[in-house]
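Worksheet: the structure to be examined is printed underneath.
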Amino acid sequence: MLSLLWSVFLVHVAIYLVNTIGASTIDNLLWLLYLKVPTSTSKKYKEQNRLKREVVQLKRDMNNTSSQDEFAKWAKLRRKHDKTMEEYEAINKQLVSQKTSFDWGVKIVRWFGTSGLKFFLQFWYSKTPVFHLPEGWLPYYVAWLLSFPRAPMGSVSIQIWSNVCATAITTMAEVVTAVLLQRATAAAAPAAKKTQ
């Protein structure tokens, strides 16, 4: 089984990734993946796309047909366009409703998988030390602070370890980003000199 130390660290990595990538981006990606699965929703999505293309084609045909010179043809196209547009709007309304409920489900699962899990671990393991410190290694007040609020004295509590993990992950991500940006600008500088 995964130790408490690594469990808390991985939960914070997941939280950081969700916050960095963006919840709406993840929701949209999962929605697109869900539409690839053969379900009734994916059939509706394919039908919606077909109707959308048909509406655009009918609109194009109507614009290319003179309403005065070829009124019968134009009126027939107009009726077909209106009927197809109604079908498209009905299916679109159903898909929007299903996407809204899908998004709520994804948000709930995401919260329970990240922040909810973090809160659960902090509550459930509040008296459990993440790891012990060597005795006499730190002054009493520092050892007390590291074991705050309920871990045994001389150990690191899950709350403190959770804060350390969150801070370390954020700091390391900023360092990696800065290094990558510095390399990108260093690589772009010689290319800019060559063009001048």
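Counting starts with 1 at the first residue shown.
Every residue gets a Cβ built from N, Cα and C, even glycine.
Look at the topological domains in Swiss-Prot: Pro134 and Ala173 end up on opposite sides of the membrane. Sequence-distant contacts of the topological domain 'Lumenal' (132-155) (same chain, six or more residues past either end, CB-CB distance under 8 Å): 126.
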